[in-house]
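S.K.: Grabbed the feature section from Swiss-Prot, which reads as follows:
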- 35-51: compositional bias 'Basic residues' (COMPBIAS)
- 64-77: compositional bias 'Basic and acidic residues' (COMPBIAS)
- 91-100: compositional bias 'Low complexity' (COMPBIAS)
- 111-124: compositional bias 'Acidic residues' (COMPBIAS)
- 132-145: compositional bias 'Acidic residues' (COMPBIAS)
- 149-174: compositional bias 'Basic residues' (COMPBIAS)
- 197-206: compositional bias 'Basic and acidic residues' (COMPBIAS)
- 232-243: compositional bias 'Acidic residues' (COMPBIAS)
- Tyr13: phosphotyrosine (MOD_RES)
- Ser14: phosphoserine (MOD_RES)
- Ser58: phosphoserine (MOD_RES)
- Ser73: phosphoserine (MOD_RES)
- Ser75: phosphoserine (MOD_RES)
- Ser132: phosphoserine (MOD_RES)
- Ser144: phosphoserine (MOD_RES)
- Thr179: phosphothreonine (MOD_RES)
- Ser223: phosphoserine (MOD_RES)
- Ser229: phosphoserine (MOD_RES)
- Ser234: phosphoserine (MOD_RES)
- Ser240: phosphoserine (MOD_RES)
- 1-243: region 'Disordered' (REGION)
Amino acid sequence: MSRPVRNRKVVDYSQFQESDDADEDYGRDSGPPAKKIRSSPREAKNKRRSGKNSQEDSEDSEEKDVKTKKDDSHSAEDSEDEKDDHKSVRQQRQAASKAASKQREMLLEDVGSEEEPEEDDEAPFQEKDSGSDEDFLMEDDDDSDYGSSKKKNKKMVKKSKPERKEKKMPKPRLKATVTPSPVKGKGKVGRPTASKTSKEKTPSPKEEDEEAESPPEKKTSASPPLEKSGDEGSEDEAASGED
């Protein structure tokens with residue numbers, strides 16, 4: 001089959017009679033068409049996030065402002081409470097000090113009222129007892145003498161104590177010298193001769209001098225005197241008969 005033939009129209013550009021200036025004006029008037037910039041999905045997400053963040057930031061800032069306002073109000077209230085507490089403490093202290101001072105004054109007044117009648121009672125008692133001032137002074141002197149007499153008595157007692165101690169000390173006793181008496185042996189004894197008796201009677205001059213120089217000593221006989229035996233008695237009788 002044969003293709004159908006298309007109608008072709010011949011265009012005469014001369015009919016338009018356009019000049020080059022028209023092309024220039026056309027170029028000036030109509031610029032290139034502006035292309036729309038497609039935004040990428042990342043940028044869109046970032047924008048959304050930034051928007052959310054901005055909203056959150058604004059909310060946080062608002063919350064912070066509210067908190068700061070609350071804190072300021074609390075601090076103001078706390079300061080006022082502290083001031084009130086200080087005032088109340090001061091008032092309590094002042095009230096306590098005033099009460100203590102009042103109690104002291106009351107006690108002093110009570111003590112003064114008690115002492116006044118006692119003084120009034122003591123005054124007539126002193127007037128009755130005490131005579132003149134001279135007697136009162138004499139009584140004081142007596143008191144001073146009494147104190148001095150006490151001191152003297154104490155001194156005398158102290159002096160008498162060592163004397164008692166001296167009395168208690170025992171005195172040294174003299175040693176008793178005992179001369180044992182010669183005991184003659186028993187047996188037959190004859191008559192003593194005259195020479196023996198003369199020797200016994202006449203002491204030697206040396207013995208006399210010694211007795212004169214030496215003082216007589218106290219002789220305490222511890223043992224009782226010995227009884228003369230029969231032989232000694234016979235000897236004495238014989239000596240007396242010879243004389």
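Cβ from N, Cα, C; glycine included.
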S.K.: List only the single closest residue to Ser75 (phosphoserine), chosen from the modified residues Tyr13, Ser14, Ser58 by CA-CA distance.
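M.R.: Looking at Cα distances from Ser75 (phosphoserine), the smallest one goes to Ser58.
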S.K.: Quick test of the contact rule: Cβ under 8 Å, at least six residues beyond the ends. What residues does that give for the compositional bias 'Low complexity' (91-100)?
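M.R.: Distant Cβ neighbours of the compositional bias 'Low complexity' (91-100): there are none.
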S.K.: Between the modified residues Ser14, Ser73, where is the Cβ count within 10 Å the lowest?
M.R.: Ser14
S.K.: Round to the nearest Å and give the CA-to-CA distance linking Tyr13 (phosphotyrosine) with Ser73 (phosphoserine).
M.R.: 88
S.K.: What is the total of other Cβ atoms whose distance to the Cβ of Tyr13 (phosphotyrosine) is within 10 Å?
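M.R.: I count 7 other Cβ atoms within 10 Å of it.
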S.K.: Three-state secondary structure of Ser73 (phosphoserine) from DSSP?
M.R.: helix
S.K.: State the count of C-beta atoms found within 10 angstroms of the C-beta of Ser75 (phosphoserine), not counting that atom itself.
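M.R.: Summing over all protein chains shown, Ser75 (phosphoserine) has 10 other Cβ atoms within 10 Å.
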